[in-house]
Every structure is written in C-alpha cells, then in structure tokens.
Amino acid sequence: MGCFGRTPKSNKRSDTKTTKNNDFTPKKLTVNANRDKLTQPSSDCLKVSICGDVSKEIVTKKDQLALDAKDTNVEDEVIVKKAQTFTFEELSVSTGNFKSDCFLGEGGFGKVYKGFIEKINQVVAIKQLDRNGAQGIREFVVEVLTLSLADHPNLVKLIGFCAEGVQRLLVYEYMPLGSLDNHLHDLPSGKNPLAWNTRMKIAAGAARGLEYLHDTMKPPVIYRDLKCSNILIDEGYHAKLSDFGLAKVGPRGSETHVSTRVMGTYGYCAPDYALTGQLTFKSDVYSFGVVLLELITGRKAYDNTRTRNHQSLVEWANPLFKDRKNFKKMVDPLLEGDYPVRGLYQALAIAAMCVQEQPSMRPVIADVVMALDHLASSKYDRSHRQKQDNVTETKVDEEKTLTTESNVCVEEKQEIKICSDQAT
C-alpha cells in the first residue's frame, strides 16, 4: 500500500498463525442488545491478574463484593501513590446524589456521572460500576491498575477511586466533548459533522495511545476493547483512550499470544481472536482499523438496520478496497466532498491493512502512527481544493478550445482547397 514508513526501533510483535478451535466457533459470537460484550466470565469464579504475575487471586462472586481498596494488593502501593481515594459520601455529594442532571451515559459496566469535587476543586467524570456483575469488579481492579501505571496524553487520566463496602467507583478527568461515537453516529439535527482534518487528528491521537500501551508500558498491555465509544474527546478534539477493564498483559519473551476468553465488542473484534481465543497486539490493530473506517465512512462498525451484506462495516468495505475507483463511494456523505482525494486514498489504504484477516498481514501500531501523523499534519484547505478544481476545469476548457480551434483550422483549410480546385 506504500503508506507505512519503517520505524527506526525494532518493535514489531511476532504473531502466530491461528487455527480454528472446536471450543470457539463464530456461532458463539451473538449480538446481545442489552450488553455489547461478546461473552461474559463465569459467575462462579473470576481470576484477577494484577500487573501480570505480580499477584493473582481467585475470588468467588460473593467475596468480590466484600473487596476493599486494601484488598487490591498492588505492588509498591502504586495505586496509593498515583490515584486518590475518595469516600462514597464525597462522590455522592459531588454528583448531587447521582441525580439525573449529572448523568453522562452508560456503558457495559456501569453509569457515568459528571461531578465537582470540592477538595480538589475539579470537575470530574465518575463511573459507578454495576454491583450485580462479577465483570464489573474485575474491570474495577484492572482499570485502576492499568491507569495507575500509565502516563500518556492520549490516555484518560485516572484521578482516583472509591472501594467502600459494595460500592466501586472510578474518578476520571472530565472530557467536555464526550466520546467519538457522539460525533460520528446518529447526529442530532443541526450538529455539524467532524471535518476531515479533525477526523485524522483523532485517529492519530488514538493510535498514539495504543502505541504507548503496546510499546512503552512495562509490561506491555493489549487494550482489547478499542471502539468509538471508548475514545473520549477533550477540548481541541484531543483524543484519549478510556475504559481499560478488559485490558490484558501482552505476550512477553518467546510468547506469541495470550490465550483468554473472547471478550470485546461485536464488529470490532479481530476474526483470529474471535475464532481461537488467541489474543495478540495485532488484535488491537484490527479494532483500530475498524475505528479508522468509521471515521472515514461515517458508518457504524455493526449496524443491524442495514441490509444483511452491509451490516458489518469490514464485510461491506472489503470488496470495495480492491479497486480505487470505489474509494470515493466509501467516504462519509456528510463531508459533502470536503476532503483531499489523496488523503482519502492513503487513509483507506491504512485501514485496509489494519483489517486484514491474517494478523501477520497487519502493520504494527508504530507504523500506523507514523502514517497517520503524516496525514494529520497535512492540513486540508477547502479553498485549495477549489483552486485545484478550477485549475482542472481551466485545463479542460483549454483543451476543448484547442480542439475546437483545430477543427476550425481544418475546415478553413478544406474550404481553401475547394476554392483552389474550383479556380483551377
């Protein structure tokens, strides 16, 4: 495709060829309207892995509800150092007892509210985890650990948490522009669509956050739940990854993958991971490719309101990737032609490589970042496009004029020849 430069550092992850497992077939991947996760962990027990092999514990669902902050047992008290602890009363007061006016949204693991905490003088987003789900407890532990160890401008900042009795709450920095999903899909009347430049900026920011998880975090982390609703937008359309409850420590040393239960969101899950349960860094790259396609096309990763062959974004796009003549048909119609054709071709080439069926054919995220940084820095100006169009139209007019003049000259020559013959 020619859009990927080579990174100076050797950071390519090795991937194994995946084979079908009889225990995991596509039939198990069903869409649940009430919850967008593909599968749920067993309600009998749950393995909570902290910082890879630092600490592992098996807890029953009943025991999980009794966990307190001290029970997370984090090495070197990293949580205490980097994340504040809040009482449930403090967070309740900050949201007006979680009143509806403060409600921001709801995800697979709980509800999110906007609040103001006086003791830190800051507006925050507070996620109250679902107390009835074993998944929510695991998410709480993993997310606190991941964000306590992470430090990157393209990852949402964890301010603190509350683990009091049966209550589990996470406190984040507040993102005033909501999620990417709010800006791409089902736009309310009068809301302007994202400009091309903004879309590429968001894509590059999300890719940088993913690159940090894969290549800088120690140990490296596989995000496992990259989707538009988990990309939050700060002022200036600065993208930040959020919701790390499904994150897993990636393969290390000679390992090529992590074997795990398949979890994620339908439409974003890599086919190799869905079939085998073998999770790799390339699984995240596939999910990123789906997000990039959403940014380019304006379509949802999975839309059951469309005809059967067009419900899956990747299945719809794959046949169109084969011929560049189709590329303009793929762009979001809300852009109304306001995009650079060359930039569109390059962005679609990147997306096409990311959603390759075989993980070995997908690029590493560092190469994706390099390509998208170039696209994001190439500012598109509509007036420049109009000038280009005017130049093209002028050339066409000139060619038509030259053709017409040439025809006139031929006709004049023929008339002269006829007159000459008659005179003779």
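Cβ coordinates come from backbone N, Cα and C, glycine included.
Going by Swiss-Prot, these are the annotated features:
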- 1-26: region 'Disordered' (REGION)
- GLY2: N-myristoyl glycine (LIPID)
- CYS3: S-palmitoyl cysteine (LIPID)
- THR87: phosphothreonine (MOD_RES)
- LEU104, GLY105, GLU106, GLY107, GLY108, PHE109, GLY110, LYS111, VAL112, LYS127: ATP binding site (BINDING)
- TYR172: phosphotyrosine (MOD_RES)
- SER229: phosphoserine (MOD_RES)
- SER259: phosphoserine (MOD_RES)
- THR260: phosphothreonine (MOD_RES)
- THR265: phosphothreonine (MOD_RES)
- TYR273: phosphotyrosine (MOD_RES)
Residue among recorded positions THR87, GLU106, SER259, TYR273 with Cα closest to the Cα of SER229 (phosphoserine):
GLU106
Secondary structure at THR260 (phosphothreonine), reduced by DSSP to three states
coil
Which listed residue (SER229, SER259, THR260, THR265) has most other Cβ within 10 Å, given these are modified residues
THR265
Protein Cβ atoms within 10 Å of TYR273 (phosphotyrosine), excluding its own
28
Going by Cα-Cα distance, which of the modified residues (THR260, THR265, TYR273) sits nearest to GLU106 (ATP binding site)?
THR265
Nearest to THR265 (phosphothreonine) by Cα, among LEU104, GLY110, TYR172, TYR273 (recorded positions)?
TYR273
Between THR87 (phosphothreonine) and TYR273 (phosphotyrosine): CA-CA distance (Å)
39
